[in-house]
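Worksheet: the structure to be examined is printed underneath.
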Amino acid sequence: MSPKVDILVVDTTAFINNAALQELGTQIATVEEVVNEITSKRQIRRLVVLPYDLQIKPVFQENVQYITEFSKKTGDYPSLSATDIKVMALTYQLEKEKVGTDHLKNEPQINRLVSFTHHLPHDAKITAGFYSPGKMDASGNGESCDTEINDLLGELTSLACTKTDEETINDILIPIKDDTNDLTSDDEVEGNENINADSSDDCASEDEDNDSGWITPQNIALKKQEVNSEVDDKPVKVACITSDFAMQNVLKQIGLSVLSVDGRQIQQLRSFILRCYACFKTTSIMTKVFCPNCGNRTLKKVAVSLSEDGTQVIHISSRKRLSGRGKRFSLPTPKGGKHANNPILCEDQRVPDQRPSRLARTKNNPLDPDYIAGFSPFVMRDVSSRSAMLGIRTTDIKSVMRNPSDTRRKGKKRK
């Protein structure tokens, strides 16, 4: 396990998992929003009787702004909450006070290595699961194979036995069988004792060999010490303990120390980015639908591992094949009007506002002397306009047009 951290900034997941924080850090600090997120009665009881002093520290606005801008550059901002940003800002603030900012980064690391998982190419001539011998070469290899087959057939015929050969073999084997009956019982006993002794020695040596490589309850503590001794952990002044992958990615990109819930220092991370399989460009903005470079809707999520020095390694599997579903169907005729619902084909496509009518957008005036809290039979409701018939409201969120060829679930089943 890593040595104790001087100041340990705690996320909500550490309290939920009931981590032994007093064994991981000398001082335990967090923000007020983390304590407010704990709502379970069992967790609240544990929070009341903590075996250490929990320090609630404020966060400066400049540090929150720094973490917000940095997370937008790494592409993890949509996955972070306000509490997550404040926890990371507190970690950055304490690191700046105790250690300094010379070793921290202002921009994410841009060094990337692309690694493909190579697989053997599939031969269309060979059926999977069947063996097909290769063709003979025209340079005389067929004749040499024929001669080898003839030689083998000749040897097999020479080994064939006739009836006379079988009779002579029986005459030879009978006296040998008679000689074997003359063995004394003492020789048999001595032979059995020698065999038993040899077998017992072999079994003992096999048991010793089998027990040498196994992890048992007796040597599990020793094995853990050997594993921990292989990892060279440096002393850390300030660290953040969390299990959120987005937070871990941002903290490691900045250069801050990150601990897992079990107290181990995280050296390598894995997250996801979007990669275009048309122009092979990447983007870390996970909210993108169209490629920022070529403009096609060909973005695919791929895994990215972040090493200790900040280098990103993109892992692309060649086993997963690209699907053309939803890309070969006829598009509907574009329609105009302020309530058109055309499919979105590019990022900068102009779409109608889908606004409700003016009557539906009018606000009630409670100070009007003729106003009766909405229960008056003379209240004007918009029910006849096209926006009202389409069910358009001001709070509606426009969604991307679905594939019209997709099978949609219907209310009634055909019998």
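Cβ from N, Cα, C; glycine included.
Taken from TrEMBL, the feature Zn(2+) binding site applies to C276, C279, C291, C294. For the recorded site, C279 (Zn(2+) binding site), the DSSP three-state label reads coil.
The compositional bias 'Acidic residues' annotation in TrEMBL covers 199-211.
If you average pLDDT over the domain 'Ribonuclease PIN' (8-94) in this model, you get 88. Look at TrEMBL and you will find 8-94 tagged as domain 'Ribonuclease PIN'.
Per TrEMBL, the feature domain 'Nin one binding (NOB1) Zn-ribbon-like' maps to 266-337.
The region 'Disordered' feature in TrEMBL is assigned to 180-215.
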Does C276 (Zn(2+) binding site) have same-chain partners at least 6 apart in sequence with Cβ under 8 Å from its own Cβ, and which are they?
-> T282, T283, C291, N293, C294, N296, T298, L299, K300
One finds that other Cβ atoms within 10 Å of the Cβ of C279 (Zn(2+) binding site) number exactly 14
Helix, strand and coil totals (DSSP H, G, I; E, B; other) for the domain 'Nin one binding (NOB1) Zn-ribbon-like' (266-337) | 0 helix, 24 strand, 48 coil
Starting from each candidate's C-beta and looking 10 angstroms out, tell me which of the binding-site residues C291, C294 has the most other C-beta atoms.
-> C291
Would you list the DSSP helix, strand and coil counts for the residues of the domain 'Ribonuclease PIN' (8-94)?
-> 52 helix, 12 strand, 23 coil
